[in-house]
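Below is one structure, written out as structure tokens; comments come after it.
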Amino acid sequence: MGASQTHSAYKYQDLMTKTGFSLEQIKNLHYRFRQLSENNETLSRENLENIKDLADNPIKKQIVEAFFDKRNQHQNEMGSFEEIGFEQFVMVMSHFRPPTPKMTEEEKLAMRKDKLHFLFNMHDSDNDGKITLEEYRKVVEELLSMSGDIEKDTARGIADAAMLEVASTNVPNMGPDDYYEGITFEHFEQMFKEVEMESRMHVRFLDVDTRTIHS
Amino acid sequence: MSQLWSSSGPRLTGFLCVLLVVSAHASRDAGDPHHQNSSTTHRKAFPVLSFNYDHVKTPFEISLWILLALLMKLGFHIIPRVSSIVLESCLLIVVGLLIGGIIKAIKQTAPVLDSKLFFLYLLPPIILDAGYFLPIRPFTENMGTILVFAVVGTLWNAAFIGGMMYGVCQIEGAQLGHVDLLSCLLFGAIISAVDPVAVLAVFEEIHINELLYILVFGESLLNDAVTVVLYHLFEEFSHAGIVTVGDAFLGVVCFFVVSLGGVMVGTIYGILGAFTSRFTSHTRVIEPLFVFLYSYMAYLSAEVFHLSGIMSLIACGVTMRPYVEANISHKSYTTIKYFLKMWSSVSETLIFIFLGVSTVAGPHAWNWTFVIFTVILCLVSRVLGVMGLTYIINKFRIVKLTKKDQFIVAYGGLRGAIAFSLGFLLTNNEMKNMFLTAIITVIFFTVFVQGMTIRPLVELLAVKKKEESKTSINEEIHTQFLDHLLTGIEDICGHYGHHHWKDKYDAYVKRWLIVGERSTEPQLISFYNKMEMKQAMMLVESGSAAKLPTLMSAATLQNIQQKGVPSRRAIPSISKSREEEIRKILRANLQKTRQKLYSYRRHDLVMDPFEDNVSEIRFRRQRAEMEKRMSHYLTVPANRQETPSVRKVCFEPENKVYTYDDSESPRGRAAQPSPRLPDAISLLSKSPQRPNQTSALRAKGSTELRAKAPDEQEEQDQVKLSRCFSDPGPNEEEEEDGSFLS
């Protein structure tokens, strides 16, 4: 018991440095991980999909998939896991940390890029480095999937128009025979240059133990 | 031409002043001739023309005042250079001073800014206007900061000014020994509050960035609760003379009651209003009245219980707005907006003029020490307060407030008519005059000096201005995506953050308060449609072929679609709800989109080109060009069937009034399928009596057209479309007028 405690303490330390969470936050996340995985060592897709609150979320599948996506693990691998361990869970969560007041400009920009990569990966499902029209259409369809019976074509129309917009902003002088492959990461970044992603894309991670609050 | 105007402006004003004075005179003497006539016994001739002024005296004078005020306003904007240098509110106060001077010179009693008049009639329209169009997202995002400034900041101001003034009053030789601590604190409470009217008047003209605007303005709105509590507290105490700890505790409790109670009252009325609007589809004409009346009732109800009326009004407007706007017709929306802007404009003008008049008229007790120290202390306490609070707040904020921001927030803390009216309500006469004088001086100082210099200072400091944000479809898509993502992550984390609650709230409440299907209409679709309209409008404006389908621009979908995969599109069938939505959105022209974004600015309303009749001529000219281009674009290449070119895509002139009932719909005809044509088009060919709808659908068809890829199959559809455009027979030609831009 003692050995495993020091072992987990060592792991926590490691995770803290890798992800930047505090010890309290990691402990809380670990508690939540154990809850979700029903005390197993690894988490599967079903565990996440069974979360009640996620049922109403139109992009549930993408969110779940993002946890199992190897690209989000900062290890330059591709493909996806079947099951993830706690480390992978925390790595994904670390993408949602808010910027700390002590960060320098470069760190903030790096964080922004990191978060944008996360988003990009969510859209680019076939992993070819660009978001093609089909993928974008899928994104919009999913987004609208929960809102009544939307004709497929409306979603497509929206996606097409959006795609056109990106194309015309980024490649202004395309001839009629040029072919716009898809939204690359640079173009994607360009879309968000007004938005300070590092501040917008964050979730408050609690330092307080929430065990007693809800099951 | 402008010279003629500028010389006649003041002349006209002068004439009106004289008229006003004469009427004031006449009101005194009007009664006598009548008496004399009725008391005589012998028969006189039937009076053909008689003079009876008393009868209409009150409404006549009120109307004359309002007319005068508005003519002043008009005059300022006609004289070109003055309005760019001097603030409108300053000019109005000066006019008020002049009029006050004139009235005093002829020894009449001037109308004073009576507190009842101010609080019950002049203030609510301004606050309702501000609250209804309050930009919610920045407001809620910065709510913590705003509350800290409003509550803690005002308390600090009141305490500091009150305390220091008491110290000042103790100075020998200032003849202020009779002012006791409680009176000083009362004075501090009155003068410490930042005034929304003044802030609005000044900040509207300087176009500052949204964050700063919402901080100062939000503070000015929310500090009303503090002001009310402090005012009543100190007034009670200054009569009683002694303060106990229990009283202080009750004061704190009172604060919570006043603010939360006010908000609650407002929310209740807001929900009632939203609920009522659900049923107004058959009586569209009175829809705006519901909004106004529920809000006014909220204000009055709060005032009955001495709760914060301003907070109640804001809560009502904020609560009501999303649901009412989903339910009411576009015309009602426009009516509401215009009426609110109109009333608040008139109110503001009147307030400033009356301030001027009251300054001249009121009994004054000038005390150099008191006044000068008040002004200095106001400034000092404001600066210290803002700096100190920002230091604390920045520890909790993600986007920090810079020194420049702090300076603007401090400098923008203007005092205004609320302080004056509260001072007027004081019952203790010996110090009232002195207080009033000091208050007026502070108001003048803040409005004139701070108000006028803030604009050059903003330029000098290069403070970030309001950006003209052009939200693109991509941004909209990703904003929503992000919202859902964050909610999802919060759910996975297991704690309920504010995304989660917002989602839940949206899901449940909307069902109750929004009519039928619109509650499920995703934001993205309506946004997309607005964008399409916007693109179309831009087409009309630019009128150049190169930019014709900006949605397509240089990169057509041909380029983007994966080669070798010519997907056959299913012909879209437009459901009933879609039609309604389409119609609603298309009849709601671009103004709605743009102005919804900036509706809280009164001046933008004035400047909008689409409402200007001059642009109509421009439209007509460009319409012809547009038609030409459209026909060129929609004409097919050679290997198609016969294709007469498009004859007309007409645009309705701006001011044509439709006797169009929103509840009608082409539902009956929607069900007619056509084997090869899109349903939208089949509707077009048979629509004798309903021009508006057809054109609406046609427009929708054409925009949908542009957004679709012209691959093989679709070019054929385009052909059909173009044929349909020109197909309608003679009797439909007149009615072809499209409400492309209604």
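Cβ atoms are placed via backbone N, Cα and C, with glycine included.
As given in TrEMBL:
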- B:684-696: compositional bias 'Polar residues' (COMPBIAS)
- B:66-459: domain 'Cation/H+ exchanger transmembrane' (DOMAIN)
- B:1-26: signal peptide (SIGNAL)
- B:86-106: transmembrane segment (TRANSMEM)
- B:118-134: transmembrane segment (TRANSMEM)
- B:146-168: transmembrane segment (TRANSMEM)
- B:180-203: transmembrane segment (TRANSMEM)
- B:210-234: transmembrane segment (TRANSMEM)
- B:249-272: transmembrane segment (TRANSMEM)
- B:307-324: transmembrane segment (TRANSMEM)
- B:345-362: transmembrane segment (TRANSMEM)
- B:368-394: transmembrane segment (TRANSMEM)
- B:433-458: transmembrane segment (TRANSMEM)
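Remark: the transmembrane segment (B:433-458) contacts the transmembrane segment (B:345-362), by the rule of 3 or more CB pairs under 8 A. Touching of the transmembrane segment (B:307-324) and the transmembrane segment (B:368-394) is ruled out by the presence of fewer than three CB pairs under 8 A, sequence neighbours closer than 6 excluded. Contact between the transmembrane segment (B:146-168) and the transmembrane segment (B:180-203) is present: at least three CB pairs lie under 8 Å, with pairs separated by 6 or more positions in sequence. With a cut-off of 8 Å on Cβ pairs spaced 6 or more residues apart, the transmembrane segment (B:249-272) and the transmembrane segment (B:345-362) reach fewer than 3 such pairs and are scored as not touching. Here the listed stretches are B:180-203, B:345-362, B:368-394, and the one with the most C-beta pairs under 8 angstroms to the transmembrane segment (B:86-106) is B:345-362.
Only residues 6 or more beyond the boundaries of the transmembrane segment (B:210-234), in the same chain, are considered here, and those with a CB under 8 A from a CB of the stretch are 127, 130-131, 135, 138-139, 142-143, 145-147, 149-151, 153-155, 158, 182, 185-186, 189-190, 192-196, 199-200, 203, 247, 251, 254-255, 258-259, 262, 306-311, 314, 399, 405, 408-409, 412-413, 418, 422, 463, 466. Non-local neighbours of the transmembrane segment (B:345-362) in the same chain are 65-66, 68-70, 72-73, 89, 92-101, 103-104, 109-113, 118, 121-123, 125-126, 197, 200-201, 416-417, 420, 433, 436, 440, 443-444, 602; each lies 6+ residues outside the stretch with a CB under 8 Å from one of its CB atoms.
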